[in-house]
Amino acid sequence: MAVTEDDVRRALDAAPAPDGAPSLAQSPALSPISISGGRVIFSIQTTPDRAAALEPVRKAAEAAVRAVPGVTDVLVALTADRPAGSAPPPRPASPMAARGGRDAPSGAAPAPRQASGGAGVPGVRHIIAVASGKGGVGKSTTAANLALAFRAQGLRVGLMDADVYGPSVPTLFGLHEKPEVEGKMMKPLEAHGLKIMSIGFLVEAGTAMIWRGPMVMSALTQMLTEVSWGELDVLVVDMPPGTGDAQLTMAQRVKLSGAVIVSTPQDLALADARRGVAMFERVDVPILGIVENMSYYCCPNCGHRAELFGHGGARAEAERMKTPFLGEIPLSLEIRTTSDAGAPIVAKDPGSEHSKAYGRIAAAVWNRLTSGAPGRAAPRIVIER
Ligand SMILES: Nc1ncnc2c1ncn2[C@@H]1O[C@H](COP(=O)(O)OP(=O)(O)OP(=O)(O)O)[C@@H](O)[C@H]1O
């Protein structure tokens, strides 16, 4: 039986509120409710000093929703904005502790929309997510080349590989050492003028990882807040494919300036891309645009361009969704071999046609970022299950 928001709200009509409202359902402290299958996630806004006292309210809300027919998993978090300059709240499990972790229901808590200044990471002007609805469409390749193209345009750039399920950035940049730790902060590695951090630097290569939702949140938060990124114009985040916990975590934890969606021309990937767009829209992250990757075939010998089945689909879809179309990248052996060899094409051959295509996409994204496209607030989660 499909769970609806009305079902959840009816259950919360009998749950206590933190602020004197007749019920949690009627309280402004209640965040938007996220429902995915039988999983229900929401948060209750509070102040850090009241977090402990409100634990019974959180538990009562969880129990009320758990009793709704069809609900299989509930995650309710208390959230608060941390005053500038104060210490961060304690973290849950660290990514290192995730090695060999047990399977468990996962979840990420949505947060109320509240305005706050900056990107949420000190010194970082814009954080953008590069995402795709499904795996293998070239999201990591696009993120890496986009970051390099920003750099080529004189920007100070970081690249954060948040793909907890299959980090590609270590291979893309031929980086395999562990980051140095200075005090409580990790130093990002550097390559081709980019500051780089990957979940792949923190876990053993080839280790089978089972990530629980809170671990994903913890790992991503650490990579954002416990890495000395320094002053950056833009931090490009290579997201895990799909529309799961990590995406929600990023969208809720950090003030994302926007998301770039990567798709291949085929209809199936486009349907996935549509889901990706919808997910970011649901959490109020502006879509900066869609990139069509492996758009057409470029012959390595004669440069002849052959159209592929479905070519142009992303442009048409972007128009239908009233989303900017950022550009197309061909299916090219050079793009693949340079990436596999640890120096993506924009680093290896900056003057090539393909690098220019990435440059045009970077310029379009930067244009959107600096033309006043709205960003999102950065809430702090105080307590999580
Ligand atoms: N435009 C392209 N032309 C040729 N090969 C490409 C292109 N884009 C990506 N590839 C290749 O496709 C494979 C998958 O790319 P990539 O890892 O970037 O995808 P992804 O969407 O990030 O995948 P995952 O979901 O597994 O992280 C890689 O071998 C990469 O080199």
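A Cβ is built for glycine as well, from the same backbone N, Cα and C atoms used for every other residue.
Heads up, TrEMBL stuff is auto-annotated, nobody curated it.
Between the stretches 1-29, 175-203, 291-319, TrEMBL puts its region 'Disordered' entry on 1-29. When the binding-site residues Lys134, Val137, Ser140 are checked against ligand 1, Val137, Ser140 have a Cβ within less than 6 Å of one of its atoms.
Around the Cβ of Gly135 (ATP binding site), a 10 Å sphere holds 14 further Cβ atoms from the protein chains shown.
The number of other CB atoms found within 10 A of the CB of Gly136 (ATP binding site), across every protein chain shown, is 12. Summary for the binding-site residues Lys134, Lys139: the Cβ-based neighbour count within 10 Å is maximal at Lys139. Under the DSSP three-state reduction, Gly135 (ATP binding site) is assigned to coil, being neither helix nor strand.
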